[in-house]
């Protein structure tokens, strides 16, 4: 496939361009420059309205995410027959669909993280400062707590009786199983985030930034399909924390550490893989 070319139709304009595919596309000069790494500390952000606006966007997005998804979980749990509700597939669609919609809405304001693990992975890749990363994580957790709290306010009895959407390792699985599921699931999500938002790809293909929320939401959907039977699917420490705090019963905290340690390990591995193996950033800096 090296060096082969194909005609590409560009939207409704019907213009054609000669675009190489295969390895030839990788070697073509696209006037791309590697963005500089974010500083570790950036005190100037604290005096910028855009900094606080981004945090508010993360709060609202995570609030809405917990509100819709926990309501969906409660609707499935309360049913006596699987055929009368959306089931596991519906829960997975609710989580994936909300991430798709919310990332689309907030990407231009905050980057659309909605997840401390995503924020942590991007911080390790030097995509944002420690100041911003910590602020995002706090706002995400507060939004998740408020979102779960509103659900409990709407249907307290049902919420209390059905576990409040809290993440726990299911019977028949060990804590190691749960931890492994969270690590791999978060790796898939964060690696998808890196790939979908890659600046080099965006420079090459102008449609990529618009479509970025789609693969991210789809990754969330697929991971939920696979791991709901194991842990209820965390892959988002804010989601797990919000549900656990509002439900606040003993078993909700028994395995809670898994839903922080697993996602953070998965995010770190995804950042390492993307930056070192896929993008080869350390090797570029030496050349």
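Any Cβ shown, glycine's included, is placed from N, Cα and C.
Values in this document were obtained by computation on a predicted structure and should not be read as measured data.
Swiss-Prot lists 1-55 (among others) with the feature topological domain 'Cytoplasmic', giving a curator's inference as the kind of evidence.
Annotation comment: Swiss-Prot describes 1-37 as region 'Disordered'.
For 56-76 (among others), the entry in Swiss-Prot reads transmembrane segment, with the evidence type sequence analysis.
Residues or ranges marked as topological domain 'Extracellular' by Swiss-Prot: 77-89 (among others). The average pLDDT the prediction assigns to the topological domain 'Extracellular' (77-89) is 66.
The transmembrane segment feature in Swiss-Prot is assigned to 90-110 (among others); the stated evidence is sequence analysis.
What Swiss-Prot records for 111-133 (among others) is topological domain 'Cytoplasmic'. Sequence-distant contacts of the topological domain 'Cytoplasmic' (111-133) (same chain, at least 6 residues past either end, Cβ-Cβ under 8 Å): 37-43, 45-46, 51, 54, 58, 61-62, 65, 99, 102-105, 140-141, 186, 189-190, 193-194, 197, 213, 235-239, 263-264, 266-268, 270-272, 274-275.
If you look up Swiss-Prot, you'll see 134-154 (among others) marked as transmembrane segment.
The topological domain 'Extracellular' annotation in Swiss-Prot covers 155-175 (among others) and rests on a curator's inference.
Here Swiss-Prot flags 176-196 (among others) as transmembrane segment. Outside the transmembrane segment (176-196), and at least 6 residues removed from its termini, the chain residues within Cβ reach (under 8 Å) are 115, 117-118, 121-122, 125, 169, 208, 211-213, 215-216, 219-220, 222-223, 226-227, 230-231, 233-235, 255, 258-259, 261-267, 269-271, 273-274, 278.
The annotation topological domain 'Cytoplasmic' is assigned in Swiss-Prot to 197-209 (among others).
The list of residues near the transmembrane segment (210-230) in space but at least 6 beyond its ends in sequence, with Cβ under 8 angstroms from a Cβ of it, reads 88-89, 91-93, 95-101, 103-104, 107, 112, 169-170, 173, 177-178, 181-182, 185, 188-189, 192-193, 195-197. Annotation comment: Swiss-Prot describes 210-230 (among others) as transmembrane segment.
Tertiary neighbourhood of the topological domain 'Extracellular' (231-257): same-chain residues 62, 65-66, 69-70, 95, 114-117, 137, 140-141, 143-149, 151-152, 159-160, 163-170, 173, 175, 178, 181-182, 185-186, 189, 220, 223-224, 263-264, 266, selected by CB-CB distance under 8 Å and a gap of 6+ residues from either end. Per Swiss-Prot, the feature topological domain 'Extracellular' maps to 231-257 (among others); the stated evidence is a curator's inference.
Below 8 angstroms of C-beta separation, residues 115-118, 120-122, 124-125, 167, 169, 175, 178-191, 193-195, 231, 234-237, 240-241 of the same chain, each at least six residues beyond the ends of the transmembrane segment (258-278), sit close to that stretch. As annotated by Swiss-Prot, transmembrane segment applies to 258-278 (among others).
Per Swiss-Prot, the feature topological domain 'Cytoplasmic' maps to 279-287 (among others); the stated evidence is a curator's inference.
Residues 53-55, 57-58, 61, 64-65, 68-69, 72-73, 76, 136, 209, 212-214, 216-222, 224-225, 228, 233 of the same chain lie 6 or more positions beyond the ends of the transmembrane segment (90-110) yet place their CB under 8 Å from a CB of it.
Using DSSP to sort the residues of the topological domain 'Extracellular' (231-257) gives these counts of helix, strand and coil: 17 helix, 0 strand, 10 coil.
For the topological domain 'Extracellular' (155-175), the residues of the chain that approach it from at least six positions outside its boundaries are 69-70, 73-74, 77-78, 148, 229-234, 239-240, 243-244, 246-247, 249, 251-252, 254-256, 258-259, judged by C-beta separation under 8 angstroms.
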